[in-house]
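Reviewing the structure listed below.
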Amino acid sequence: MADAPIAPVVLVILDGWGYRQTTDYNAIAVANTPVMDSLWEAYPKTLIRTSGKDVGLPEGQMGNSEVGHLNIGAGRIVPQELVRITDAIEDGSIFQSPVLINLCDEVKGRGGKLHLIGLSSAGGVHSHLCHLLGLLDLAKLHSVSDVCVHAITDGRDTNPTEGVNVIEAIQAHIDKIGVGRISTVCGRYYAMDRDRRWDRVKKAYDLLTEDGEGDGRSASQILKDFYAQDITDEFILPTRVAPGAIEPGDGIIFYNFRPDRARQLCYAFTMPDFDGFERDLIQPLSFVTFTQYDPKLPVKVVFEPQSLTNILGEVIAKKGLRQFRTAETEKYPHVTYFFNGGLEQPFEGEDRELIQSPMVATYDKAPVMSAEAVTDTACAAIKKGIYSLVVMNYANPDMVGHTGNMEAAVQAIEAVDRCLGRLLGCINKMGGTVLITADHGNAEYMRDEEGNPWTAHTTNPVPFILVEGEKRKIPGHGANVVLRNDGRLADIAPTILDILQLPQPNNMTGKSLIEPAGFDVKTNRTPVRISL
């Protein structure tokens, strides 16, 4: 006789769906969201924290998708590379890194240039300005005189025109220590694509490898001139400021600590079988990355990966249960690589399906994105009745929120709400239980206090809703499930194990969001009741 279909636990991550009581420029509050509104009213819910020390970041630092999914999947607060690298600069240990010292020696020995490439930003999501300044100090300390800074401007995790202030800070540090020059500026739209849009990456690559003098303008003046044309930091056209092309004999330090948007440019420079566009492999070329972007990359790594064991996916696999992951291109690495603690390979019994994101310049042009296809894929997997855990991500609130387009963000939120309704129907038919949450805020704050577009993440909490299924009841609770109101992302994995009745490993230090059976709301405390 065939096994009975499995009623799954489904974790739905609404990427960038934060909570903010104020409705001004709040795309989530303004949008028509009957599904989420009804769930918030009818089912156990709470708010959880997604930023700062609650996710292993410095106090007050906004969370992001990488950090969020890493914490969710690990079931513990994971110390982040931002803190790890900043500490190494502040205590001076980075200046004694054998990897960096060897690179400096190789460059000097060949009479080459040292190129510093990365996101020039104080956003702290992919990189940090203090890390670049620390590398300039490293070059001076080790007597590397020919140093080229290739500034990738942000405008996505920061204010759209904050780049000029960052550039001026870099130039001030260069002037102070007498080492380095800003050779190029380029928006992250080109240099940090992660969706295999090789035409964009090629423009950045060509800028870095084709030399020239520039036209005499400073880097800050170039940015100001672009601003006057309504071209903001993210979209700064690849522009040469001063001589300093990457040539044989040179060395590169790519100082982004987050891998997903650094990989493609690194592939172009280092992989012999690269086929994204035609180019000649530059050799010899010493190439160092701050963190491991991809184990296949033939580069040296300064900060080796931290080992995370007994994470959620691993626990599920060890129990012989099957799991499924799906998202569209923009968030696929997050439900796979990051959710699995930085492991590329799936666990045994872990199936994945990637949905292609729309090929548009910016997602406000297609705010529905691929949410319908993600829903179709998740429903098809759920109906198979073979998965105990399904993890999925709706990218719309975050990706459209990053555009700063309020109207499009509202459309994105409404699209996700419609898809959520259809998804719940599929899960309900299987008797499964649903956990609905987010990895960080974004779309709830689309303008700053002065009315300017806000394209970055926020430090706001996010909703967490538990929709209990008929065939996947919370053990021992009956109809009286109560959620804690002091949770964080690291508590989600223990909650899932709680529902699946699986033991929680000792090094998974998060705590289930479900209060113990028999919890008396009246005599202990009253959970926070907030309406969206």
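Using the three backbone atoms N, Cα and C, a Cβ is placed for every residue, glycine included.
These numbers come from a predicted model, not from an experiment.
The following features are taken from Swiss-Prot:
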- SER65: active site, phosphoserine intermediate (ACT_SITE)
- ASP15, SER65, ASP439, HIS440: Mn(2+) 2 binding site (BINDING)
- HIS126, ARG156, ASP157, ARG188, ARG194, ARG258, PRO259, ASP260, ARG261, LYS331: substrate binding site (BINDING)
- ASP398, HIS402, HIS457: Mn(2+) 1 binding site (BINDING)
Lowest local Cβ density among ASP15, ASP157, ASP398, ASP439, which the record lists as binding-site residues, within 10 Å: ASP157
Other CB atoms, at most 10 A from the CB of HIS402 (Mn(2+) 1 binding site): 24
C-alpha spacing of HIS440 (Mn(2+) 2 binding site) relative to HIS402 (Mn(2+) 1 binding site), in angstrom: 13
Neighbouring binding-site residues, C-alpha within 10 angstroms of ASP398 (Mn(2+) 1 binding site) - of ASP157, ARG194, ARG261: none
For HIS440 (Mn(2+) 2 binding site), nearby residues of its own chain (Cβ under 8 Å, 6 or more apart in sequence): ASP15, GLY16, GLY18, THR50, SER51, MET62, GLY63, ASN64, SER65, VAL67, GLY68, ASP398, HIS457, THR458, VAL462
Residue among the recorded positions SER65, PRO259, ARG261 whose Cβ has the most other Cβ atoms within 10 Å: SER65
Same chain, 6+ residues apart, C-beta under 8 Å of the C-beta of HIS126 (substrate binding site), given in sequence order: GLY118, LEU119, ASP157, MET192, ASN256, PHE257, ARG258, ARG261, ALA262
Euclidean distance between Cα atoms of PRO259 (substrate binding site) and ASP439 (Mn(2+) 2 binding site), Å: 18
Residue among the binding-site residues ARG194, HIS457 whose Cβ has the most other Cβ atoms within 10 Å: HIS457
Mn(2+) 1 site, defined by ASP398, HIS402, HIS457: further same-chain residues with Cβ within 8 Å of the Cβ centre: ASP15, GLY16, ASN64, SER65, ARG156, ASP157, PRO397, MET399, GLY401, HIS440, ASN442, ALA443, THR455, ALA456
Beyond the site residues ASP15, SER65, ASP439, HIS440: chain residues whose C-beta lies within 8 Å of the centroid, for Mn(2+) 2: ILE13, GLY16, THR50, GLY63, ASN64, GLY68, HIS69, LYS331, HIS334, ASP398, ALA438, ASN442, HIS457
Where ASP15 (Mn(2+) 2 binding site) falls in three-state DSSP terms: coil
